[in-house]
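One structure is given below, encoded as structure tokens.
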Amino acid sequence: LAEFNNVRSVTEMPEGDDAKRSFHNRMFLEPQEKKRSMKALVVKQAKKTCSCTPAKVKDYVFSFFPVLQWLPKYKLREYLLGDIMSGVIVGVLLVPQSIAYSLLAGQEPIYGLYTSFFASIIYFIFGTSRHISVGIFGVLCLMVGQVVDREIQSAGYDLEPAALSVLTDTAAYVNTTISPVNQTLQKLLCDKSCYAITVGATMTFIAGVYQVAMGFFQVGFVSVYLSDSLLSGFVTGASFTILTSQAKYLLGLDIPRSSGIGSLIATWINIFRNIHKTNICDLITSFLCFLVLIPTKELNEHFKSRLKAPIPVELVVIVAATLASHFGKLRETYGSSVAGHIPTGFLPPHPPDWNLIPNVALDAIPIAIIGFAITVSLSEMFAKKHGYSVKANQEMYAIGFCNIIPSFFHCFTTSAALAKTLVKESTGCRTQMSGMVTSLVILLVLLVIAPLFYSLQKCVLAVITIVNLRGALRKFKDLPKMWHLSRVDTVIWLVTMAASALISTEIGLLVGVCFSMLCVIFRTQRPEAPLLGWVAESETYESLSAYKNLQTKPGIVVFRFEAPLYYINKECFKSTLYKQTGVNPVWVKAAKKKAAKRMLREKEVDSSGNQTSISMDFVSEPLGFHTIVIDCCAVQFLDTAGIRTLKEVCKDYREIDIQVLLAQCNPSVRSSLIRGEFFKEGEDHLLFHSVHQAVDFALDAQGHSGTSASK
């Protein structure tokens, strides 16, 4: 039995009424038996994992392919209409966004349509959320595009067109005469767009592998380090980079895309250096598109409760802009940059370039983490809202396969997207069948309509991308409210946003994670540590600095430390305790020793004893209290440094006749104290299950000692 004595031992207990008063709340707790045999646990888990029964195989298959669970139970009359309506509307919205975000990822428009098509089908099979829309996400497209541009430049595709054609002809000649040829010349046999999608697909494959591995090894806990404020700041910072990357299309400028650290500033410098080359036709088109898109988007949001479906203004703008460009011959007359030929049908599948994996493996890590973090958080949010459950581990498998399988079909990275998910939910989506309807809409575009967008100006696509950043950029309006709720979260948001925008997206994410973890450390390094007072007619103790009309017990100081006690804050614990109590036992002991030495010296020099009496008065000066009760309710754990600190504090105070009592320790802390040999035979350190019990014990003990002294 583990006995937590809230009293003195029986031999020390006074007789009569004092005995009845001192013997209170004696508690006996019997600890649970713990199975300490690691071998037995491993064998049991291995048997459970490796056993194979028909029922277990069926459960595994059904959990891995959720479509087999919900599709047979599909209520045709109840669900079909809502799924068709939401699927068609999301598909109509997704077509222009897929084409627009392709530019952001450094790809041709057709590859954006491929990506949205395959992602919708695969999530239909593997996904457990009924409402999220999986497809192209702007921030991931930006991160993919930065890597694609870097690899294109390193492969030599950033050369002038004339030099590029000479090298291509040379490579073709050398390839027929000499082997092996220069690697760069071999790469040039594949044109720029071909190499761009090869890089994008390879990185998508690696990101998908990471996500599936995270699901297999159940390391989804990584996402807990991406707090809401961190993710919001990261997305807002990346939105500035997205806006900057699209600004050149608004002006019709042909300038290289900057990448690496400080790309945002470098891009704006290039834009202002080439501002005199602005294409007036593209500028006017961009302005007109903004005039149409922004007010209509605002109307959609303002009247979303009244509208059965949002106005597909992006599709209307794309159709109108394409017709105007085609019949106005804007490309031939004014030199406007257009989307170009978008083929119909599908390209034959092609595996990723295994030689590129070492180049992009590191870049795929933040993409994989951001992708699954956003997907899991959105799926859990909408599942909670609509009263069903999702499997976070299965969601990691789903988003991983949404990247692995499409990477063989010329696609780039996908994840869930909040804006399209909200549209999907608000238009009547009931199940994952809505995603299949969306893929059919995109399939229709791929097979029939895609070539009609040949004359679509790239500046129109840039406007669509920028307008869709409004939600992220509006987060600045929420800063006062966020500051009022939590200043720490606001600072994390600002630091992550600034680092993501001004340095780079990947480094910004890393800076945000490190800074948020440092904030947690700093908050535990210097936590709140108030003195407590008694709430009259209760057993409750609260902070004296936070509440009025609290009472204190004579001779007793109650102190609460609101953080774990470990190596980082052990000195803060001691200094705060000494400051709050007003007594530093080390200084008191030193002063007593000094006074004692002075007394001895003066005895030798002067036999009158005048100076000695002063020293003795100082030595025997009362300290104002006899007991310190440490409320440990907020101490989640102790490490070895924390246990050693508690031992030192108790020992130092005991040497100046002040006892230290611990109250409200959780089982983890009690276990640490026992393992650390905090309690030794003959010591009076006692554990109490409440502050009130500890205070009562101290009062009873002091009353008994006072009675004994008077006798």
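Here the Cβ of each residue, glycine as well, is placed from N, Cα and C on the backbone.
TrEMBL has this to say about the protein:
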DOMAIN    546-698  domain 'STAS'
TRANSMEM  79-104  transmembrane segment
TRANSMEM  194-213  transmembrane segment
TRANSMEM  219-243  transmembrane segment
TRANSMEM  275-295  transmembrane segment
TRANSMEM  356-376  transmembrane segment
TRANSMEM  397-419  transmembrane segment
TRANSMEM  439-469  transmembrane segment
TRANSMEM  490-518  transmembrane segment
Counting only residues 6 or more past its boundaries, what in the same chain has a CB within less than 8 Å of a CB in the transmembrane segment (219-243)?
104, 138-139, 142-143, 263-264, 369-370, 372-374, 376-377, 392-393, 396, 465-466, 469, 472-473, 475-476, 482, 486, 489-490, 492-501, 505, 508-509, 512-513, 516-517
The transmembrane segment (439-469) in contact with the transmembrane segment (79-104), cutoff 8 A, at least 3 CB pairs, sep 6+:
yes
Who are the long-range neighbours of the transmembrane segment (490-518) in its own chain, taking Cβ under 8 Å and residues 6 or more past its ends?
139, 142-143, 146, 225-227, 229-230, 232-234, 236-238, 240-241, 260-265, 363, 366, 369-370, 475, 479, 482-483
Near the transmembrane segment (356-376), which residues from the same chain, at least 6 beyond its ends, have a CB less than 8 A from one of its CBs?
132, 134, 137, 139-140, 143-144, 147, 151, 198-199, 202-203, 206-208, 210-211, 214, 220, 222-223, 226, 231, 234, 392, 395-396, 398-400, 403, 413-416, 418, 505-506, 509-510
Averaged pLDDT, computed only over the residues in the domain 'STAS' (546-698):
81
Taking a Cβ cut-off under 8 Å, which residues six or more beyond the ends of the transmembrane segment (275-295) line up next to it in the same chain?
249-254, 313-314, 317, 321, 330, 333-337, 457-460, 462-464, 467, 470
